[in-house]
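**Student:** One structure, as structure tokens, below. Some questions next.
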Amino acid sequence: MPRHHAGGEEGGAAGLWVKSGAAAAAAGGGRLGSGMKDVESGRGRVLLNSAAARGDGLLLLGTRAATLGGGGGGLRESRRGKQGARMSLLGKPLSYTSSQSCRRNVKYRRVQNYLYNVLERPRGWAFIYHAFVFLLVFGCLILSVFSTIPEHTKLASSCLLILEFVMIVVFGLEFIIRIWSAGCCCRYRGWQGRLRFARKPFCVIDTIVLIASIAVVSAKTQGNIFATSALRSLRFLQILRMVRMDRRGGTWKLLGSVVYAHSKELITAWYIGFLVLIFSSFLVYLVEKDANKEFSTYADALWWGTITLTTIGYGDKTPLTWLGRLLSAGFALLGISFFALPAGILGSGFALKVQEQHRQKHFEKRRNPAANLIQCVWRSYAADEKSVSIATWKPHLKALHTCSPTKKEQGEASSSQKLSFKERVRMASPRGQSIKSRQASVGDRRSPSTDITAEGSPTKVQKSWSFNDRTRFRPSLRLKSSQPKPVIDADTALGTDDVYDEKGCQCDVSVEDLTPPLKTVIRAIRIMKFHVAKRKFKETLRPYDVKDVIEQYSAGHLDMLCRIKSLQTRVDQILGKGQITSDKKSREKITAEHETTDDLSMLGRVVKVEKQVQSIESKLDCLLDIYQQVLRKGSASALALASFQIPPFECEQTSDYQSPVDSKDLSGSAQNSGCLSRSTSANISRGLQFILTPNEFSAQTFYALSPTMHSQATQVPISQSDGSAVAATNTIANQINTAPKPAAPTTLQIPPPLPAIKHLPRPETLHPNPAGLQESISDVTTCLVASKENVQVAQSNLTKDRSMRKSFDMGGETLLSVCPMVPKDLGKSLSVQNLIRSTEELNIQLSGSESSGSRGSQDFYPKWRESKLFITDEEVGPEETETDTFDAAPQPAREAAFASDSLRTGRSRSSQSICKAGESTDALSLPHVKLK
């Protein structure tokens, strides 16, 4: 778009950008009027604005007559001629001619398109004209044939001359109309486009036929005798009129498509047939050239071969010798089959192509129903209650339109009589009365300056509608009315002819005028239309032939297989894949993959739950066996261990499937297996660890004191206010019932006390008693016996224990280590049920060094470190005693309170104590023991 910043004295051209403030000052206060086209409506309505008063830049849409200041009248006159002009999206008029020329251009283009379709794309009655032209051409051909017969030469020549005159006129007019009507196509517009159209093959044929006809007629009329030879040659050119019958070239396109589709088969047949022709002709020529003069040359043999193999058989040349006849018969049988192949290939190709075209036409019939169905679906969707579409209701607002106020002023009484019953009812409604009142009040809302200047100028400007609150800020909810915006000066305004539509619609009708019941009715109608369109579309989907049925069946079968496969994939994702492989290696690989990757399917989860349930069942069975065997011991052991409370087993969270038999203590089992230690850490529970070894009741078991106990023990500072606890080994029972041996050692742990108990005395350190150890050589195992002594006895024992610990530290003596040893031939390890052994079957050995003790235990029981027995205290009341925790492996101790009662070891059956004779011992009473 050209842009030019004009001053006050310059004349504005079409499409100029002008600064209205400066232009108004230079022109003596004249104001610019800007016409803005309603692009969406496509009509000649102009919206006026008063931007000139604000000093904004305006786009002038006038012609050269549009000027500044005093040229406002020229602008008005030019804009009056622009009433019907269409505007582009950039605000530029699409047509610069008057409305009459626009209408003429529309008619011109319409006629041009119509004639082009009649001549190039005939439909309906247009075939009548083409049939007439065909009869003319065919009649001309017949007369040309009769003109060569001597008996009919005179009559045929005279009729042919008249017919050729008619043909020249018809073909000449048709050729000119074809060239002119081709301008409706974009590629054929202009003189270059016309030349491009004239170079088409059929236009070239028309030109040749027209020139030949003119030459023949001119030669006949002049009676030139020397032009007879030329006329005979031009007659052939007139035969080309038959070629132009198929203007669109559908026949040639069909033939070309068939030949192209079967080109390989045709080339193969023609190639083999040509080889047979060459060989047969040459062999017959060699045999017949001496005996038969008809085959004197190879060309004569080729002629004979062609006529014979094409099954024509003129009979002008025939072989005479028997050898030549045998060769011709053999090659005829072979060659005729290949020469006949192209005819069959082309015939089948034409049949298939015709059938395909029929199917294509059948499928093309589905386009309109499919488009109608899509349209109905969209309209039904857009009319939904939750839809925010505005445009979908606009087609239904036409029924609410009323005539413009201008037409009502011309004759309201006469127009009311011509109104239909529906319009009278609508106008009688409250909505119609409000529309009437708004239309009547248009003149009252006009500005005074407009009324004053309306008398002196031919134009008349109105103010815009004063919309109500509903549609004032919602212009998209109302129809685009043709009301202009107010302009202060009437000199730059446009006439009322630009203000109103061609239809004169002047009503303010919005989407909100459609009441909910009306919208509901519209939705119902659209739903019914949708169902009707769907039914019609289904009717067009009926199969055309058996091939379509097979294709539909195969497509449906393929879709079903895809859906089944998708369903199976989803089921496998939910339930897991239950693959059963015959190969062992592949099965192992699959199991390894399942172990490495977490299977989140339902099958994997079920398997995981089953494994965990089996592990829990095995653990519970083991614990129940232990509990039963402990209760079956003697009276003393029963009294001592009957108070053990075995709660339900609590599975470790770090391992999902490992049983207590397979669990390993990775923290320190490799170095500290079979050793007693005093743990003093404040974060981990305290406990006494007993290491159970695989043994039999008849075999001798040796317990060795490991020196690692001394190095791993941790001293606890003891204050005077704290209590003390003494742990010593003691034998419990001499008699034990025989019980089955467990497969692996078991870990038994007593949980620590609650941290809520704070002010309790601390225990004493663990010290061995050599005398007690000698007396307890024949004991089965060790247990804890709680003694109720006073504070003085506990303090005296604490002092002695301190001195003994110092002596152990100085001399490097070992602490007590309970390391059972049995021969290696035992296949199973003993459980807790073998904790109590008879004194006659067990011997305790004291190892002098750490290496000997640990080496002996490792030699006899290399796998013993995998299982341990932990006994810890559970909750105790404020008046009950609490036990310290002793571990064979180094474990940190939790902060806990200890009871004032001390613990010491003793024998339950013999009631003999390893400690001092004056100390009073009680039976083992551990009311809160928990397996963990």
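In case you wondered, yes, glycine gets a Cβ from its N, Cα and C as well.
These came from Swiss-Prot, pasted as-is:
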- 888-899: compositional bias 'Low complexity' (COMPBIAS)
- 370-378: region 'Interaction with CALM' (REGION)
- 521-528: region 'Interaction with CALM' (REGION)
- 1-125: topological domain 'Cytoplasmic' (TOPO_DOM)
- 147-156: topological domain 'Extracellular' (TOPO_DOM)
- 178-200: topological domain 'Cytoplasmic' (TOPO_DOM)
- 222-229: topological domain 'Extracellular' (TOPO_DOM)
- 253-266: topological domain 'Cytoplasmic' (TOPO_DOM)
- 288-298: topological domain 'Extracellular' (TOPO_DOM)
- 320-325: topological domain 'Extracellular' (TOPO_DOM)
- 347-932: topological domain 'Cytoplasmic' (TOPO_DOM)
- 126-146: transmembrane segment (TRANSMEM)
- 157-177: transmembrane segment (TRANSMEM)
- 201-221: transmembrane segment (TRANSMEM)
- 230-252: transmembrane segment (TRANSMEM)
- 267-287: transmembrane segment (TRANSMEM)
- 326-346: transmembrane segment (TRANSMEM)
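I would like each feature placed in context: is it buried or exposed, what are its neighbours, and how far apart are things?
**Tutor:** Counting residues per DSSP class in helix, strand and coil order gives 9 helix, 0 strand, 0 coil for the region 'Interaction with CALM' (370-378).
For the region 'Interaction with CALM' (521-528), the model's pLDDT averages out at 93.
Within the chain, the topological domain 'Cytoplasmic' (178-200) has long-range Cβ neighbours (under 8 A, six or more residues past its boundaries) at 109, 112-113, 115-116, 119-120, 206-207.
Across the range of the topological domain 'Cytoplasmic' (253-266), the DSSP-based residue counts are 13 helix, 0 strand, 1 coil.
Across the topological domain 'Extracellular' (288-298), DSSP assigns 5 helix, 0 strand, 6 coil.
Within the chain carrying the transmembrane segment (157-177), a Cβ under 8 angstroms from the stretch's Cβ atoms is held by residues 115, 119, 133, 136-137, 139-140, 143-144, 147, 203, 206-207, 209-210, 213-214, 216-217, 220-221, 241, all 6 or more beyond its ends.
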**Student:** Quick test of the contact rule: Cβ under 8 Å, at least six residues beyond the ends. What residues does that give for the region 'Interaction with CALM' (521-528)?
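**Tutor:** Sequence-remote neighbours of the region 'Interaction with CALM' (521-528) are 376, 379-380, 383-385, 393, 396, 514.
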**Student:** By DSSP, how many residues in the topological domain 'Extracellular' (147-156) are helix, how many strand, and how many coil?
**Tutor:** 7 helix, 0 strand, 3 coil
**Student:** What residues elsewhere in the chain lie close to the transmembrane segment (326-346), defined as a C-beta under 8 angstroms and at least 6 residues from its ends?
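**Tutor:** Those are 258-259, 262, 265-266, 269-270, 272-273, 276-277, 279-280, 283-284, 287, 305, 308-311, 319, in sequence order.
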**Student:** Can you tell me which parts of the same chain pack against the topological domain 'Cytoplasmic' (253-266), counting only residues 6+ beyond its ends and a CB-CB cutoff under 8 A?
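**Tutor:** Those are 341-342, 345-346, 348-350, 353, in sequence order.
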**Student:** List, by number or range, the same-chain residues at least 6 past the topological domain 'Extracellular' (288-298) whose CB is under 8 A from its CB atoms?
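**Tutor:** Distant contacts of the topological domain 'Extracellular' (288-298): 281-282, 304, 316-321, 324.
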**Student:** Looking only at residues six or more beyond either end of the topological domain 'Extracellular' (320-325), which have a C-beta under 8 A from one in the stretch?
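**Tutor:** For the topological domain 'Extracellular' (320-325), the sequence-distant neighbours (Cβ-Cβ under 8 Å, at least 6 residues beyond its ends) are 284, 287-288, 291-292.
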**Student:** What counts of helix, strand and coil residues does DSSP assign across the topological domain 'Extracellular' (320-325)?
**Tutor:** 4 helix, 0 strand, 2 coil
**Student:** The topological domain 'Extracellular' (147-156): which same-chain residues, six or more beyond its ends, come within Cβ distance under 8 Å?
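**Tutor:** Result: none.
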